[in-house]
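A.B. asks: Just passing along the structure, written as structure tokens.
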């Protein structure tokens, strides 16, 4: 066979060029600069790590970028657990400068692993900070909170002539057999929150017995909140078979149609209070920018933006709430609590025990 | 000599890409599992494998993947015949529809299938909820297109005259099919089966939604151990199991392909297609129509219906909302997410095509010695691995490898198309390789003897025959990139979401408006995919000469 090295080389060179161009062009914006580089421009960049529900109005974010002059990059690798564990994994070369979205079921882990640097936030009134704190070290700053509660399809109960249950103990009564659906505690953050609520209510290991009763009473375990609420729950647009579901105390406000009272309600005696924190990442390349971002999250604009964007209550409790929240999204006045340190210590074991008890 | 350098380079470029963006991150993360506190230990293995749950998870994974693969192949072959060897009006539309499931985010498909089979759903009375059958049905839903297109791609260029000759000589249609057609298609069938098996074995969300919490798979366990517990030791043990399963599947498939691969008579014109005739095509058509309507369109129809359901009956309100940020649930209007999706998917497609073409050309060579052949077999299998290895392992691996200059890409947008290309690349290779392998080497030799330069041989023979395959591969790569969610979700940028990320967000919120918008966005994704695939189908090669 004859050869034509020139042609071949040209072809290969062309392919190499195309590959390089493809790689170079696919970003559209320049790649992030190496964090930790000691150039003067490093302080102008800020990398914000958040959970995947993070959301703020475009105008509010644009204003922060304009006011601070920072070149902000957001990364959202997953839920609160994923974010926390990624920070732990990358301790030696931090993933970013500031984190938002670690909740109180994972706060203990983040604190124990030392991935959060101390920072005393200015924008949070002392009373609010005290009510929502994760520990006394003042590292994680509360940004928002919400109650994870059982929701009931009140229309269903009315149509079927049953009283709406009120407490955790009601849920194991025979008259409420096969009515409840909850997300899996191993694969869903609200699912884990409800597991912790039962630990708070029944103690450890009393909760195991409670779940055994729930199981005997026909509790259905869905993969995640989406399956539980949008497929299995009868009170959502999915019109599923089960009139009791684990969701948030704010969910009924989103089922309001044309201003009429929502067809669902949350059971305020079944709640776990979830608090979401922000913190400066230990070893951050731009700690000043990180602090600036935390103050931004506590600013009146962002705090007022949180209910509509992230469906949580602002940590600054003097913030004005949307009208339908005042009416249909009440908070529990006695949510179950478990200290973050205890959760950190025992969470993994609880999930494994829960899985073998309820899922089998 | 220069030839060898050229081919080595052609293999080395994609291999370097695979090494940096896949092998290195995965090996580093799995390696951490073996050295949790410094010295090497197998304690994690002992612990994981002494748990009865682990074995159940492995059994479930193998059972659903095997059943899903067999069902998709058995249903897909008649589909490939009908859609690639017969001509009928509207065929392009059916071909496009078949690919739609491939891009639908699994969260939406989970909701659609589950809504059909739960007790209050339209199929509730069949008792399919939490059954093995419904899991297999959903796996076929996702993977039917893989079989139809991979097998169809080769079938569409098989010279029908061999079959015609056999039947003129008195062979019955059944005999012709089993002794001529099936062996000729075997490489493509083995290739498709391997792909489907890898997709099924790493299926995540859908299996747990449809089967219930007790249907844990290796993939769901790795996700749980890594993201929720950061138990890298346990995750590493399961990752090794996953690699063994995937590796075994790839070996079986490549043996099958090697034993069956042979030069075929290929054609690049349309003479291989014949008009639809009832006598010959009715059977496969009924089967294919049942699959397309019953298994593919029915769940898609429930999505459409939910996207049209508003508080006051049916309407287009949710579609109108797509222009907005949905009352604030999204950081950007859906149209911007569409732009993000198209941009990253285009970049990923270019990347996957260039690298996939290089890999296919290299792997399709026939070295004279055994070592060379083995090396090419390994190379081929290596590029399939990203499909079978957990996105979580790759994603967490990125964090601890691509973390220093010059490769601190962790918060870089470049990683999104790269991750998508890793997943699309094996599909490109699977479509192109059977066609390249089927080219009679004598054709190249004859051209060379007649004085054609290697470049000309490559262009006028290999690339000419690849023409149609390239169209298919482009469409496939684009659709894969568009729908990719696993790896993309780890790299997601809240301010620049892609369409599947937006769907995931909207579906994850209470209220009819969010849900409706989520379904509308999913329908948009489906339509976009159908359009792209329809266009890719029309990319026609320049006619090549055949013997």
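Placement of Cβ uses the backbone N, Cα and C atoms for every residue, glycine included.
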A.B. asks: Quick one: which of B:131-155, B:256-280 does TrEMBL have down as transmembrane segment?
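C.D. replies: Among B:131-155, B:256-280, the range TrEMBL annotates as transmembrane segment is B:131-155.
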A.B. asks: May I ask you to indicate which of B:229-252, B:445-468 is given in TrEMBL as transmembrane segment?
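C.D. replies: From TrEMBL, the annotated transmembrane segment range turns out to be B:229-252.
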A.B. asks: If I go by TrEMBL, the feature transmembrane segment sits on one of B:286-304, B:305-323, B:324-342. Which?
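C.D. replies: The listed stretch tagged transmembrane segment in TrEMBL is B:286-304.
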A.B. asks: How about long-range neighbours of the transmembrane segment (B:96-119): same chain, 6 or more residues beyond its ends, C-beta under 8 Å?
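C.D. replies: Residues 79, 83, 126, 128-129, 134, 137-138, 141-146, 148-149, 203-206, 209-210, 292, 296-300, 302-303, 306, 475-476, 479-480, 482-483, 485, 500, 503-504, 507-508, 518-519, 522, 525-526, 528-531, 533-534, 537 contact the transmembrane segment (B:96-119) from elsewhere in the chain.
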A.B. asks: Cβ pairs under 8 Å only, please: of the recorded stretches B:286-304, B:345-363, B:412-433, B:469-492, B:516-536, which one is richest in them relative to the transmembrane segment (B:176-209)?
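C.D. replies: Selected stretch: B:412-433, with the most Cβ pairs under 8 Å.
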A.B. asks: Between B:131-155, B:229-252, B:345-363, B:412-433, B:469-492, who has the most Cβ pairs under 8 Å to the transmembrane segment (B:375-400)?
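C.D. replies: Ranked by Cβ pairs under 8 Å, first place goes to B:229-252.
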A.B. asks: Taking the transmembrane segment (B:345-363) as the reference, which of B:62-84, B:412-433, B:516-536 gives the largest number of Cβ pairs under 8 angstroms?
C.D. replies: B:412-433
A.B. asks: Would you say the transmembrane segment (B:412-433) and the transmembrane segment (B:516-536) are in contact under the rule of three or more C-beta pairs closer than 8 Å, pairs 6 or more apart in sequence?
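C.D. replies: Checked: the transmembrane segment (B:516-536) vs the transmembrane segment (B:412-433), no contact.
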A.B. asks: Same chain only, please: residues at least 6 beyond the ends of the transmembrane segment (B:469-492) with a C-beta under 8 Å from a C-beta of the stretch. Say none if there are none.
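C.D. replies: Distant contacts of the transmembrane segment (B:469-492): 99, 102-107, 149, 153, 157, 204, 341-342, 344-346, 348-349, 352-353, 356-357, 391-392, 394-396, 398, 415-417, 419-425, 427-428, 431-432, 435, 498-501, 504, 525, 528-529, 532-533, 535-541.
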